[in-house]
Amino acid sequence: MKKVLATLRALVEVMEALSKDADPDGVGRHIKEELRRIKNADATIAGELTPYNIVPLEAPSFTNAIGFFPEIKGAISAIRYTEHFPRLPSDLEISGQRDPDMFDLLEYVFGFQKDNVRNQRENAVLTIANAQSRLGIPVQADPKIDEKAINEVFLKVLDNYIKWCKYLRIRLAWNSLEAINRDRKLFLVSLYFLIWGEAANVRFLPECLCYIFHHMAKELDAILDHGEANRAVSCTTEGGSVSFLEQIICPIYDTMAAEAERNNGGRAAHSSWRNYDDFNEYFWSPACFELNWPMRRESPFLAKPKKWKRTGKSTFVEHRTFLHLYRSFHRLWIFLVLMFQALAIIAFRKGRINLDTFKILLSTGPTFAIMNFIESCLDVLLMFGAYSTARGMAISRLVIQFFWSGLTSVFVTYVYVKVLAERNDRNSNSFYFWIYILVLGVYAALRVILGLLLKIPACHALSEMSDQSFFQFFKWIYQERYYVGRGLYERMSDYFRYVLYWLVIFLCKFTFAYFLQIRPLVSPTNTILNLPNLPYSWHDIVSKNNNNVLTLASLWAPVIAIYLMDIHIWYTLLSAIVGGVMGARARLGEIRSTEMMHKRFESFPEAFSKSLVSSQTRMPFDRQAPEVSQETNKTHAALFSPFWNEIIKSLREEDYISNREMDLLLIPSNRGSLRLVQWPLFLLSSKILLAIDLAIDCKDTQADLWNRICKDEYMAYAVKECYYSVEKILRSLVDGEGRLWVERIYREISNSISEGSLVLTLNLKKLPLVQQKLTALLGLLRNEKPEEKGAANAVYQLYEAVTHDLLSADLREQLDTWNILARARNEGRLFSRIEWPKDPEIREQVKRLYLLLTVKESAANIPKNLEARRRLEFFTNSLFMDMPAAKPVCEMMPFCVFTPYYSETVLYSSKELREENEDGISILFYLQKIFPDEWENYLERVNEGKSAGNVENQQSTSELELRFWVSYRGQTLARTVRGMMYYRRALMLQSYLERRSLGVDEYSQTDPLMTGGFELSREARAQADIKFTYVVSCQIYGQQKQNKKAEAVDIALLLQRNEALRVAFIHAEDNVAAEGKKEFYSKLVKADINGKDQEVYSIKLPGDPKLGEGKPENQNHAIVFTRGEAIQTIDMNQDNYLEEAMKMRNLLEEFRGNHGIRPPTILGVREHVFTGSVSSLAWFMSNQETSFVTLGQRVLAYPLKVRMHYGHPDVFDRIFHITRGGISKASRVINISEDIYAGFNSTLRQGNITHHEYIQVGKGRDVGLNQIALFEGKVAGGNGEQVLSRDVYRLGQLFDFFRMLSFFFTTVGYYVCTMMTVLTVYIFLYGRVYLAFSGLDEAIDKQARRLGNTALDAALNAQFLVQIGVFTAVPMIMGFILESGLLKAVFSFITMQLQLCSVFFTFSLGTRTHYFGRTILHGGAKYRATGRGFVVRHIKFAENYRLYSRSHFVKALEVALLLIVYIAYGYSKGGAVSFVLLTLSSWFLVISWLFAPYIFNPSGFEWQKTVDDFDDWTSWLLYKGGVGVKGDDSWESWWDEEQMHIQTLRGRILETILSLRFLLFQYGIVYKLHLTGKDTSVAIYGFSWVVLVGFVMLFKIFTYSPKKSTDFQLIMRFMQGVISIGLVVALCLVVAFTNLSIPDLFASILAFIPTGWCILCLAITWKKVVRSLGLWDSVREIARLYDAGMGFIIFAPVAVLSWFPFISTFQSRLLFNQAFSRGLEISLILAGNKANVET
């Protein structure tokens, strides 16, 4: 119809154009009048063609049924303008063909943009309509909205505003809820929506919106009390017009934009500019009212930053320092230190607990007080930058805390010193001891009381009610009062659960620490302390006269390092156990194989009906049959069948199953008159043939035969169905005597069954003959074209076989002598007339019975495809899991899916499909090999059978279908859109079967469970559109269209194929008024009836929306176009499935479930990583990710109650979040991990985050090592920024102690512990190297005999297990056991080990450590585009070197150097072997960090590629950089880029301190040379520097550039030659005539290499100084030499291994083993697609 209307409008336009040429006074005038009459009279044209989003509000539409829904009518009526409202001006233009409403008044008064008003009008209508539909559908002729529905919307939308007013203790914009009528409530809700809809970047400032709303609501209140509508003063421009955008939003935006400019693209310090949070927190104080209304432009809030003067921060300053870790989580560190102190005291007291020990234990008091004081000092120090603008109360609290904690620490320390003095004085009366005990007791009691009041719900409620200033003062001192973070407590049962969880961890941790870490070190420590002066083999400065303090430090340091991080190990182990138990209780993994699914299939319909079918779904028939249970089962099966069949059809559409598999998997409708449940054929196939074999072999009674058949319940079902179906089909075919024969036969058989004499009545050995005749008959009946003669003949043959072969002799004789039958047979009338089956039910029975009798092979392996199996197993398993009951579609919570997109792949182009990489592999060829079964199914679907050959030569194949087939197997937007649109399909099906009759559809009501036309039902589509919308925010779609990019064409194609899809984008156009400036618009488009883009809304923005991070800004501009009460955030590398979409309405009911003292605000959803089959790396990543998103998040949500939002696909409470700052944070760099801040924000604002595992969404992950490293680098960098953030600080401070522990170890603490794992290696090795260099290891070993090896072994073993990923694997293995079974879990784990997963995990450890540490030290966190393609290409050596040189290679070579020095100079009785065993984990780390990029590099050990890589690397290394040359092309450019992170003075100082460690090597080795003997004077070390300087000078001479010495070229070459000969001669003479040995020469090289690296690091750090001295060129050449050397060390083993061809083959199998198991011919892939090309 729409096309007809479009044609009609086009004709009208053509006629208008032609009439211009006609006589204006004659025929032209008549034509124009007629056209005007048509246009005015026929409102339908305007109604159908007026752009609208979901609800056609501007004009009525007859093609969209939404307008007929009573709740929509009621909502439109509720906002309609009435005579009670102020009169609108007579000249006010009302857009479209509608009545005036509240939004028209608000638009007139405040100057909101027209499209913003249109957008929010629809938003309000849908919000009100959906609130009403939950309470009940209005049934009256003129539908009205209930007061309760309006109240619900009002309180939810304005909840944050009401809390804000209460916090600031100001009056609301209305007196009381009872005092305002429903119209005023709707006005206020509409006003808030309009403010929010046009606020642009100010939407990130929720309390700023509250401030704006507060004043505008007061203005509106005054206007509504007048008879005439007046313009608002606050929005009136100088020209007299009104514009909310110009007057309210633009000033705030301009200030934010000016501040954002100061961040210098994210490189400036966070403390130097105000971010979104700083602007928002200005409104957390009553001082915000100094801004006035209308806003004062000269207010400090709107003050733009001056060039050199920083604007003050609000309540928090994000200084870049590791000290934030202590400040945010000081309670954790204090606890660990106190426990260590206490355990050490007990260990040193040999476990004796007496009064003396108790007094020493009391030393924890001063420790506690001093550590608290340090935290107070950090509070004061880290607030620098906010003192000028922070609230006075906040600063007062800091000062009070500082002085209080300072005085406390002094007092407690003083008293304790006195206690110690009393302890030594035997005559003392213990006065100070009792004072000390009293002070500690009072303090502990106060902390406990305050802790209870703030954390226990009942006490917290009392403390909130108490207004006593004394009480409030102490509470305020104890805990800062922010607008967010109040009331972070849980109900008592939840509290006790996570307390118990942590008590178990503490018990394990401290037992392990005491017996294996601390106590074994006591004896060696005492021995070393009491040793006499030991001989040092170097010039010792610190330890010699100081009880060997550095020796003790090197002994204790690795143990302390492990002590601080091993709590994470215990957390991981316990989370695996608890998560496994919880998963088992939730019934996860009950159905984990096809066999299990087959066995339990008959219980699926009932479980499905109970969980996923709403009460409104029509029953297929009345339950009046006598067999109630059988009838109930049939009812359930009839309800289940349409849904199951749609799932199977969707699997066929996705090419996971073939046509034959689909036929076997489909379930009959079960709506017919057959008495029993009909199951899918895959359960019953070959069962009849097996039953016949049993019958033939039967020598027993009928009961024995039936018992044997019933052992297989599906065989019994098959026999029964066959028996009843044959009767039904035969009765429908024949009439007269033939029907009498059928009835007689069945009567006789039934009688014999009831008498138990079937084996006597029938000759069972003749059953195969009867089956053959029956099959022949059914084969004929299957045809569409009637063949009555052949059918009559086949029936007669069946009659002959049954009567004369199957029946017993006496029964045969009875039938032969039956007069009626005999007469008909003799006259040739018997079966002469056949009634060809036309009834659909009979035809279905014929087809099904034919398959039942002919399918011989077992269907145990159906479906064959592993993905189809996994999906069906998970879906059927989830039916038995605990989930809320499904509401009818009309009552369910409406939701929106929201996907941000930038410029990733939408759809692979034809060129991309066939484009070969350097190995000759195209994407299409690769996918054909990885998914051979899906390729076969695709060819079958597009009518290209197996004989069709390669697609390259098939012109008839649909190119577009092929592009979609490939794109649906990649990480593309097309795949995501298809998956998310399944929600609509599921809702349409569910709605269709519920049948809300509005009289719009023309379908028949006689067959309630026929689903054939559900996608064409206008009512079902309209109902789905009310409940579901999908917005993809394609940020640069406008630019892509202008530049005619392929992505724009592909997005337009997706719009055409999905009518409910909406695309939002930012459009920029030149401002006509102001040259050089651009205007920005947020636009929403959909596909029109011609498939072209139709603009629905265009909302002007105050400026460029991208002030912060790109992705959250992209989400923010488009979120105004979302609808509903929930919003699911979906990334563009995700997928969804129809069977999971059916469970969405169950999931949304969780928002109303009981999940604690607060309703959920974010529902966590399980993910399935679908990229695991690509390679072994992808499999590791997939398993690691799956473990976290299932078991890990299960434990975080319950019992720990600290689950955050870790990305997608969580479902947000939309209203809650849009009124509290949105679904992510966007401040530049600090919010680089934008997703998790939504979880932080939700928790701080008294939200509740849950996790649900009965529903899952697909997700793609990175599949190549470089992609994975970039992703992990991004996440680690993001966590580094989180350490500095105010959100983490507040959660760390405001959570109770145990919840804070959970939060720490599952967010930034995970990365801290990862870093500690690596640091332990350094601490241990530097400690051992110190002992080796100083010679103390030998001296102590001789005198003390042992060096606390038990403790060191425990520490190193723990470190090694963490390093190789054992503890990462524990939850993974538990997940495997739970969901795959024990055997599969063991097999998977062994397979992963054989595929070197430990190498991968060790390598990942380095990636995370590097990026996390560097981000906190220097910043530099950024979004790293990983690319989401299929990674099978070989990565060049130079590319790997560039990516991993600083993060892995340098660190690995440092560790290798430490190990070599340790082996060379360390002392051990066992020799070098014991050293290697002790340092095994360190060697493993070195090898993993150096060679993992090459082990996991496709074709990494292929000789030709190795040669090419060497050429590429050398040319890169030697190529001179320059302006515009990228780091990928030149070593010099890359080297410059690598230094960019060192920007600040603080960073330079830290880098300098860290670099000085390399000087230890030279200092130690010099004293170990044979040349120096026993001499330990400092002069020797000084002389080594002279030698080093000499070598540097020689290097300068040898590398002196000939270009600069053209005149002296010959002289220079002569000098170089002479010096070379002289150097060799001098070395020989020195070796011959002094104590210098050949090993000394190598030792000297070992000493000078780290020193050179140290000098290099310092030169880079102080680049400006070095450059000013003119030494920069020399530094660069030395750096090039170092990189060349490191490259050679790594390249040499790779080159050697490449000589052996079998290494390459082995590597391919290692890398792609997972794909091998799925039939991947990797050898073909790596050889390239040459065979196909040649043929």
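Backbone N, Cα and C atoms are what each Cβ position is placed from, and that goes for glycine too.
Residues or ranges marked as domain '1,3-beta-glucan synthase component FKS1-like' in TrEMBL: 183-296.
Within the same chain, residues 357, 360-361, 363-364, 367-368, 371-372, 374-375, 510, 513-514, 518-519, 521-522, 526, 560, 563-564, 567, 1292, 1297, 1300-1301, 1304, 1309 sit at least 6 positions outside the transmembrane segment (329-348) and bring their C-beta atoms closer than 8 Å to a C-beta of that stretch. Marked as transmembrane segment by TrEMBL: 329-348 (among others).
The transmembrane segment annotation in TrEMBL covers 495-516 (among others).
Per TrEMBL, the feature transmembrane segment maps to 555-582 (among others).
Sequence annotations record features per position, and here TrEMBL assigns transmembrane segment to 1308-1333 (among others).
According to TrEMBL, the feature transmembrane segment maps to 1354-1377 (among others).
Beyond its flanks by at least six residues, the transmembrane segment (1383-1405) meets 1176-1177, 1179-1180, 1183, 1265, 1268-1269, 1272, 1314, 1317-1318, 1362-1365, 1368-1369, 1373, 1376-1377, 1448, 1484-1485, 1487-1489, 1492-1493, 1495-1496, 1710, 1713 of its own chain at Cβ-Cβ distances under 8 Å. Feature annotation from TrEMBL assigns transmembrane segment to 1383-1405 (among others).
Here TrEMBL flags 1449-1467 (among others) as transmembrane segment. Long-range neighbours of the transmembrane segment (1449-1467) within the same chain, counting only residues 6 or more positions beyond its ends whose Cβ lies under 8 Å from a Cβ of the stretch, are 1318, 1321-1322, 1325-1326, 1328-1329, 1331-1333, 1337-1338, 1341, 1406, 1410, 1441, 1475-1476, 1479, 1482-1483, 1485-1486, 1489-1490, 1558, 1561, 1564-1565, 1568, 1643, 1646, 1649-1650, 1686, 1689-1690.
Among the features that TrEMBL reports, transmembrane segment is placed at 1473-1496 (among others).
Counting only same-chain residues 6+ beyond the ends of the transmembrane segment (1549-1566), those with a CB under 8 A from a CB of the stretch are 538, 1326, 1329-1330, 1332-1334, 1417-1418, 1454, 1457, 1461, 1465, 1542, 1572, 1580-1581, 1584, 1588, 1643-1644, 1646-1651, 1653-1654, 1657-1658, 1661-1662. If you look up TrEMBL, you'll see 1549-1566 (among others) marked as transmembrane segment.
Here TrEMBL flags 1610-1635 (among others) as transmembrane segment.
Annotation comment: TrEMBL describes 1641-1660 (among others) as transmembrane segment. Within its own chain, the transmembrane segment (1641-1660) is flanked in space by residues 1454, 1457, 1460-1461, 1464, 1539, 1542, 1551-1552, 1555-1562, 1564-1566, 1568-1569, 1584, 1587-1588, 1591, 1627, 1631, 1666, 1671-1672, 1675, 1678-1679, 1682, which lie at least six positions past its ends and keep a Cβ under 8 Å from the stretch.
Annotated transmembrane segment per TrEMBL: 1681-1702 (among others), in sequence order. Same-chain residues lying 6+ beyond the ends of the transmembrane segment (1681-1702) with a Cβ under 8 Å from its Cβ atoms: 1437, 1441, 1445, 1449-1450, 1453, 1490-1491, 1494, 1500-1503, 1505-1506, 1510, 1513, 1517, 1531, 1535, 1652-1653, 1656.
Across the domain '1,3-beta-glucan synthase component FKS1-like' (183-296), the DSSP tally of helix, strand and coil residues reads 82 helix, 3 strand, 29 coil. In the predicted model, the domain '1,3-beta-glucan synthase component FKS1-like' (183-296) has a mean pLDDT of 89.
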